[in-house]
Amino acid sequence: MLKKFDKKDEESGGGSNPLQHLEKSAVLQEARVFNETPINPRKCAHILTKILYLINQGEHLGTTEATEAFFAMTKLFQSNDPTLRRMCYLTIKEMSCIAEDVIIVTSSLTKDMTGKEDNYRGPAVRALCQITDSTMLQAVERYMKQAIVDKVPSVSSSALVSSLHLLKCSFDVVKRWVNEAQEAASSDNIMVQYHALGLLYHVRKNDRLAVSKMISKFTRHGLKSPFAYCMMIRVASKQLEEEDGSRDSPLFDFIESCLRNKHEMVVYEAASAIVNLPGCSAKELAPAVSVLQLFCSSPKAALRYAAVRTLNKVAMKHPSAVTACNLDLENLVTDSNRSIATLAITTLLKTGSESSIDRLMKQISSFMSEISDEFKVVVVQAISALCQKYPRKHAVLMNFLFTMLREEGGFEYKRAIVDCIISIIEENSESKETGLSHLCEFIEDCEFTVLATRILHLLGQEGPKTNNPSKYIRFIYNRVVLEHEEVRAGAVSALAKFGAQNEEMLPSILVLLKRCVMDDDNEVRDRATFYLNVLEQKQKALNAGYILNGLTVSIPGLEKALQQYTLEPSEKPFDLKSVPLATTPMAEQRPESTATAAVKQPEKVAATRQEIFQEQLAAVPEFQGLGPLFKSSPEPVALTESETEYVIRCTKHTFSDHLVFQFDCTNTLNDQTLENVTVQMEPTEAYEVLSYVPARSLPYNQPGTCYTLVALPTEDPTAVACTFSCVMKFTVKDCDPNTGEIDEEGYEDEYVLEDLEVTVADHIQKVMKVNFEAAWDEVGDEFEKEETFTLSTIKTLEEAVGNIVKFLGMHPCERSDKVPENKNTHTLLLAGVFRGGHDILVRSRLLLLDTVTMQVTARSSEELPVDIILASVG
């Protein structure tokens, strides 16, 4: 008997779990009771509960002791006590992976599975399938087929769900049960129909045509189960995505028809599916939004929450589509459920007008302290979107954010606010000084190291450009005096950036850095000593290279190259150009983690996509002498349609003097295998094809890779743009789709692919230059050239900027890819590295009259990159 605990025990937490202090050895000793006769069902069930508790708490049972306990437990099948029998089933499932020879209970389970006691049959099916492997499955196949079509819903559902689990290890056997599953799918029981539909889909999911037929059949005859409808909607939406989402498809019509279903869960599932379809227009969203609007006034909190959460998601891409719901959303602002109220307000922030912002901010302020950090982050994200939409409201929004920043909150919440403030500072120069001042106040009492170092990095980047940079020095130096070593190191870096950009402040900065040289921490001392020595040289090029812009190489690549250098001693100094560059995504204009990463690196930095390619190419003998990989194209280029018999995608790899084309090939014909697959290429310009590395075999639906090696132009090095015609050549061998047997004889064949373009962007790696002016001075004007062009087909500055960035493949610096409103002039600043490791910078001045006139000035450490830029633009 378990003792009864009083309320005091419950509140203190003492004794709330009677199984809390179990010992494995004691429990296994108790399990010997299973061998006693007569069987005591209540006592044995309690011991089984203890064993299950130990297993689920992660207690390790040795194979021998688990097997002994399991064999003892099998004797409990002699008892007809229903509770004890159900506990036996649970124990069999849990111990099937630990104990040996668990198949000893097969006959007992089969007997229960085919017996007259319905309460035993379903659990017996589940337990039997848990201990059955692929070799034994055929022995119980007949029983499984009978169970699937059983008239008792619990038995049928158990068999269907167990079949779904068995698919992973015995697909071919379970596939033979499709007829029984089809019969079960017409059941009147909602769970049986749902489980049968799930099994049918998973058997056929790799055959798109079979899935389409299944959807067509069940949508035509209708379904009784709302769960089955929900699953069918998900299958149909997945199929729509794979078919590039044609809205004329009967699949879309089916999903839309489900908006009129009598079950609320089906209606919501259909609305959610339409909302999440890629490329959905506002017109196609309208019926889904109307349904969600009705749910907003539902008496059920779950429906109101689901509706407003989904509308919030729609408002991110299609705010105009949600505008019709604004009145309903305003009613939800006062909802008693704070989660619903928060989502309603953030949705209104995305869809509301500029005039409603002040009122909404007051409403948010009234309950911000009552909601969780998770929803506070949602509010901050909505405010961030609002800042971009209504720049004139920056002042109101900034004040609200600063108030939130001063309140209590967790890391994610504070980080979201800091992100938002930084984006406002970068978007709106008028709010820069106000924003920096508030961030300075925040780091005076900031408990989060990551945020403190990030703000210090921002101060070092933006502070020197303000009207009165000296006012930030006190806040930064306070961090050196008061904080721990990571923040102190970030503060030292920020101080150095002020000294590198402001000659008047340099003497004061040098004094502060000299004090930091005596710091207790190695990192802080090393930084201070390094920056002190660089600044004392008073050379702009050194300041730019070692303080303001820093390294642009990949950290894992640098680590690997240094390790290789130490393993193979050489008299030559280490060449930094042999290290792959850090690829910077176009969307990431802010160097958010630079300061933090410099202070404390994570234990293991994940290899980038380019580093993975580097390893793969280094393993090919033909590419051994090519040197380090400079760049891989960001996205593979499709050279065939996705529905054709062969799917070919090409990735371009650039080396200092060569290009390697990697062709990822998939054979979608199940009655043939391709061998010795190569892609023959013919260039239109001065490129020279050197060799081909074939894919030895390309069986049905198994990807393979072949390569083509090409030498870059030598006679005219500026002729880097080129078009290659491509033909795939291979040997075809027929094979039996059922057995996979391949014919010995084959025949030669070829397949014409789309042409492949090589552009100037394939020869340039984009890099971030935080301080473009310093980088410009660092490169110098020795190899500077300038030309003026007219872009006759372009009518706006935004279009011109977008085209130039895409064409040159360089990184826009200092947010110069954002064109201010109502301006007819703009300067675009671009940075990159040309193959071979040569910095290349471009300053493009744009003037809009009737057409766009562009003055391009290019600088590099070598003449060739400058010539290539101007030749390609011309």
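For all residues, glycine too, the Cβ spot is worked out from N, Cα and C.
Swiss-Prot lists 1-11 with the feature compositional bias 'Basic and acidic residues'.
Per Swiss-Prot, phosphothreonine is recorded for Thr594.
The annotation region 'Disordered' is assigned in Swiss-Prot to 1-21.
Residues or ranges marked as region 'Interaction with ZNF289/ARFGAP2' in Swiss-Prot: 609-874.
Tertiary proximity for the repeat 'HEAT 1' (64-101) is limited to same-chain residues at least six positions away from its ends with a CB under 8 Å from its CB atoms, namely 28, 31-32, 34-35, 39, 41, 44-45, 48-49, 51-52, 55-56, 108-109, 112, 119-120, 123-124, 126-127, 130-131. Taken from Swiss-Prot, the feature repeat 'HEAT 1' covers 64-101.
Here the repeat 'HEAT 2' (283-320) has long-range neighbours at 247, 256, 259, 264, 267-268, 270-272, 274-277, 328-329, 331-332, 335, 337, 339-340, 343-344, 346-347, 350-351, 378, 385, meaning same-chain residues at least 6 beyond its ends whose C-beta is under 8 angstroms from one of its own. Residues or ranges marked as repeat 'HEAT 2' by Swiss-Prot: 283-320.
Annotated repeat 'HEAT 3' per Swiss-Prot: 322-355, in sequence order. Listed by sequence, the residues of this chain that lie at least six past the ends of the repeat 'HEAT 3' (322-355) yet keep a Cβ under 8 A from its Cβ atoms are 289, 292-293, 296-297, 301, 304-305, 308-309, 311-312, 314-316, 363-364, 367, 370-371, 375, 378-379, 381-383, 385-386, 390, 392-393.
For the repeat 'HEAT 4' (356-392), the list of distant contacts is 312, 316, 333, 338-339, 341-343, 345-350, 400-401, 403-404, 407, 409-410, 412-413, 416-417, 419-420, 423-424, 427-428: same-chain residues at least six beyond its ends, Cβ to Cβ under 8 Å. Here Swiss-Prot flags 356-392 as repeat 'HEAT 4'.
Residue counts for the repeat 'HEAT 3' (322-355) under DSSP (helix as H, G, I; strand as E, B; rest coil) come to 27 helix, 0 strand, 7 coil.
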